[in-house]
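Reviewing the structure listed below.
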Amino acid sequence: MATSTTDKTPAAPDPKITGRPNKGSSGGSGRDSTELAYLKSLVSRLNEKIQSLESSAGDAVSSGGATISGVLESAKQTVGLTPSEQIRLILMGPPGAGKGTQAPKIKDKYCVCHLATGDMLREQVKQGTPLGKEAKKIMDQGGLVSDEIMINMIKDQLDNNEECANGFILDGFPRTTPQAEKLDGMLEQKGQKIEQAIQLLINDNILVSRITGRLIHPASGRSYHKEFNPPKKSMTDDVTGEPLIQRSDDNAETLRNRLSTYHKQTGPVAEYYKKKGVWHGVDAAQKPETVWKSIEKIFKEAAEQDKKRSS
């Protein structure tokens, strides 16, 4: 079934600043504006990285811990990709498969935005934006938010969120083939397309054991597990030190109902991206570190193929 299933450790990617135009863009002013926006974003990230390097380098010297070369290698990997190498990713997987563990790693390493559509929708409603008000009116009436509203929310983030300048991870959308087609149409208008659709594959019975011990950091979506991936300090987020929660619906009965819905929805969407040639399956029953290496390998191989096509 899988177009691609990976499990080997890749070498770290070595993105270089080449100033190539975005895929699907034409010459002239469109290309120039794309490059200008990218370069402005890159300069901003470089300035931030310089400040981080100065701090990290000082810590490395004083503590005798991380080496300067290690800090520089980290900078090289996270400064950013050229427009044609940007990551535009659909991250698929059932509840508990590890999306909340892997998405922040992708976001941090490749300097992309993480668009969890459920969180986006709640935030738009909370802020009372025009899209949020429209969505709230529908939800208050017991209806489902339309595909058009969801697509417009995603487009708004891509247009206005600086974190999206280097690409994006889309989590929780599309759930249907028509949604996937509408997403493609919106991206095509921007001269972009989905580069990878990575599906985390795992047996339902394993998920039940995983989900009942899952812990969540509400603000970031980072997830932990009491047994398999515990936080450094009990019930505390490793990054912020804020408290973790266990969702009320993280129980076996509720999960099996959610999994049934997931499989019915996701099968056609996975087939859609397989036909596009961008689908990759990753064994999510492995340790999180192994899953991460598999995901890195997908990006590395895609970058190598892109270089061959453009050479």
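Here the Cβ of each residue, glycine as well, is placed from N, Cα and C on the backbone.
The shown structure was predicted, so the numbers you read here are calculated from the model rather than taken from an experiment.
Database features, via TrEMBL:
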BINDING   GLY96, ALA97, GLY98, LYS99, GLY100, THR101, ARG214, SER223, TYR224, GLN286  ATP binding site
BINDING   THR117, ARG122, GLY143, LEU144, VAL145, GLY172, PHE173, PRO174, ARG175, GLN179, ARG247, ARG258  AMP binding site
COMPBIAS  224-236  compositional bias 'Basic and acidic residues'
DOMAIN    214-249  domain 'Adenylate kinase active site lid'
REGION    1-34  region 'Disordered'
REGION    116-145  region 'NMPbind'
REGION    213-250  region 'LID'
REGION    222-241  region 'Disordered'
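Recorded features from TrEMBL, shown on the structure.
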residue: GLY98; record: ATP binding site; DSSP (3 states): coil
residue: THR117; record: AMP binding site; DSSP (3 states): helix
residue: GLY143; record: AMP binding site; DSSP (3 states): coil
residue: PHE173; record: AMP binding site; DSSP (3 states): coil
residue: ARG214; record: ATP binding site; DSSP (3 states): strand
residue: TYR224; record: ATP binding site; DSSP (3 states): strand
residue: ARG247; record: AMP binding site; DSSP (3 states): coil
Separation of alpha carbons, VAL145 (AMP binding site) and TYR224 (ATP binding site) (Å): 30
Fewest other C-beta atoms within 10 angstroms, as judged across GLY96, GLY98, GLY100, GLY143, which are the binding-site residues: GLY143
Spatial neighbours of ARG214 (ATP binding site) that are distant in sequence (at least 6 apart) but have CB under 8 A: GLY96, SER223, TYR224, HIS225, GLN246, ARG247, ASP250
PHE173 (AMP binding site) and GLY98 (ATP binding site), distance between Cα atoms, whole Å: 16
Rounded Cα separation (Å) that holds between GLY143 (AMP binding site) and GLY100 (ATP binding site): 27
Cα separation, GLY100 (ATP binding site) to VAL145 (AMP binding site) (Å, whole number): 23
Number of Cβ atoms other than its own within 10 Å, given for PHE173 (AMP binding site): 22
Intrachain C-beta neighbours of ARG175 (AMP binding site), sequence separation six or more, cut-off 8 angstroms: GLN265, THR266, VAL269
Sequence-distant neighbours of THR117 (AMP binding site) in its chain (C-beta under 8 A, six or more apart): MET150, MET153, ILE154, LEU170, ASP171, GLY172, PHE173
